[in-house]
């Protein structure tokens, strides 16, 4: 039977191919579910946001949906259409959907980095040199990602890809990792500079933004490096593909998480109003005051003091500032 050779294969070989692709697809499905929730929350809270942002969120959701479909396709090809075919294990060959998913990942990541670069442009007060470096890294990531995807789609044999396009593959993963670290560190630097001009409460909010920026940048960079390391150690299996699958959704969720957090930042920086009645500071509800007079007959005149209240309003002018950082 066709399944006999497959059953006699070492379990490690199955887990490094079928298992890696399956786990990567499951992780991608989980990340896509979070992406859908983030998109729904965005349009519930920011329906009147700038058109460019709204269109970008729609594009990210569409790219994420297509990427999920392309992630599920290899599982169907390997586990259903090609069930019992051990040639995919002995001579690893990519389904066409994997290189195409790399293309979509590159496109969505480029869109996310453009938005983060624009935010850096605002925070740095239009620092041309800083943005030029970010733009070069962004362009390098886009070119290498698309070039590798096109070459992998033409060959689709992992052994040939490793032999001919190994350096290009490592550059494809190194460029986004460096770009993420650079953008995160630059954003944190300019956010830290703003702290000296703000009050204590706003500083605590900026600390939360800085922590979020560092964590998201480190997470995506770490995923790139893990995929690169697994490929360097085990180049002839699909583990590096399983690690790479959810990367696109992580980028999109990082952006949408920061966009949706603007609502919380604005609530935290709303105006504080307080009314303090001065009558509560007196020892009695009504005071009697004696006024001296030159006329002895009027020396006993008593005057009732009216209760007085002072309205104290403290306005925090930080809403527009913190919303720019989110």
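Using the three backbone atoms N, Cα and C, a Cβ is placed for every residue, glycine included.
For 20-43 (among others), the entry in TrEMBL reads transmembrane segment. Proximity of distant same-chain residues to the transmembrane segment (20-43), defined by a Cβ-Cβ separation under 8 Å and at least 6 residues beyond the stretch ends, is recorded for 49, 54, 57, 60-61, 64-65, 67-68, 71-72, 74-75, 78-79, 237-239, 241-246, 248-250, 252-253, 256-257, 259-260.
The feature transmembrane segment is assigned by TrEMBL to 55-76 (among others).
Same-chain neighbours of the transmembrane segment (96-116): 53, 56, 59-60, 63-64, 66-67, 70-71, 73-74, 77, 134, 138, 141-142, 145-146, 148-150, 152-153, 156, 176, 179, 183, 187, 241, 244-245, 247-248, 251-252, 254-255, counting only residues six or more beyond its ends whose CB sits under 8 Å from a CB of the stretch. If you look up TrEMBL, you'll see 96-116 (among others) marked as transmembrane segment.
The transmembrane segment annotation in TrEMBL covers 128-148 (among others).
Feature annotation from TrEMBL assigns transmembrane segment to 168-192 (among others).
For 177-263, the entry in TrEMBL reads domain 'DUF6534'.
Marked as transmembrane segment by TrEMBL: 204-232 (among others).
Here TrEMBL flags 238-259 (among others) as transmembrane segment.
Pairs of Cβ atoms less than 8 Å apart link the transmembrane segment (55-76) most often to 238-259, out of 128-148, 204-232, 238-259.
Non-local neighbours of the transmembrane segment (128-148) in the same chain are 102-103, 105-106, 109-110, 113-114, 117, 120-121, 165, 168-169, 171-172, 175-176, 178-179, 182-183, 186; each lies 6+ residues outside the stretch with a CB under 8 Å from one of its CB atoms. Looking only at the domain 'DUF6534' (177-263), the predicted model's pLDDT averages out at 82.
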